[in-house]
Ligand code: AMP
């Protein structure tokens, strides 16, 4: 596995593999790997001849007062894990190279960035879409791998690819969880012992919502109330939003139908955690 920081070197490596007829998989990340990242890399490794994993803590997707400076970083450990997971290249560009001054060009995906995390993190998805578009231009891969833990992010990238005619397939990968259900996240390291135990309620509340739906509940407000009741039972959890939306449009639903995304965000100590449940009711008889 090779570490590359220069754009020219990265482009040359991709060109060489293209010439050899290799298919290329890209896994964009901010590093500090856990089993969620590893699952994306393993999928990319199974489905492509060559895999590039990018590691870039992207300043433009952090708002003022967010954790850009504190975001955990460990390149040596990440390189070991990526190599184990089948990566062929790590692309790790410098901030000054990604955003030469003055940096003036951004990609703004409208409407689907207004709600959920976009409502609280203004400009976040513009930063995400911009950095991902840049990565797609530097590394013109056949497939790019994203985790459904960040479901709104996946929709934003899918829409950008559709609207701007990027010739790349977006592969959506399932959320990898701890044994108590907590979704793996680089930000879980901000939690102390008590907060870590309390955080398990996030997924438990989503599971309870799933059970309500299995029993036939289709009223979004009843689902939201059920989740909030469980979240309120944990003092250390400070919910930010709980929403039931249509997965494609990310618009709130009153009645559950089609592909439904139940998404939540909460503060737990210093961490802001998100999780969701994606349920397809399209095939249900009603
Ligand atoms: P990040 O480094 O947090 O920007 O994440 C890089 C990629 O890994 C994104 O596509 C995330 O959605 C994905 N990811 C993060 N956590 C998980 C998880 N627990 N399970 C699956 N994918 C994940």
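Using N, Cα and C of the backbone, Cβ positions are placed for all residues, glycine too.
What TrEMBL records for this protein:
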type     : residues                     : note
BINDING  : 30-37, 147-150, 176, 184-187 : ATP binding site
ACT_SITE : 37                           : active site, proton donor
BINDING  : 61                           : beta-alanine binding site
BINDING  : 61, 153                      : (R)-pantoate binding site
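This view paints the features noted in TrEMBL onto the structure.
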| residue | record | contacts (Cβ under 8 Å, 6+ apart) |
| --- | --- | --- |
| 30 | ATP binding site | 55, 56, 57, 58, 71, 186 |
| 33 | ATP binding site | 77, 78, 81, 82 |
| 36 | ATP binding site | 147, 149, 175, 176, 183, 184, 185 |
| 37 | active site, proton donor | 27, 29, 81 |
| 61 | beta-alanine binding site | 123, 124, 125, 127, 128, 131 |
| 148 | ATP binding site | 154, 172, 173, 174, 175, 276, 278 |
| 153 | (R)-pantoate binding site | 125, 128, 146 |
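Checked against ligand 1, the binding-site residues 30, 36, 61, 148, 176 give 30, 36, 176 as the ones with a Cβ under 6 Å from it, listed in sequence order.
Burial estimate for the binding-site residues (176, 186): highest at 186, by number of other CB atoms within 10 Å. For the recorded site, residue 33 (ATP binding site), the DSSP three-state label reads coil. DSSP gives residue 176 (ATP binding site) a coil state; it is part of no helix or strand.
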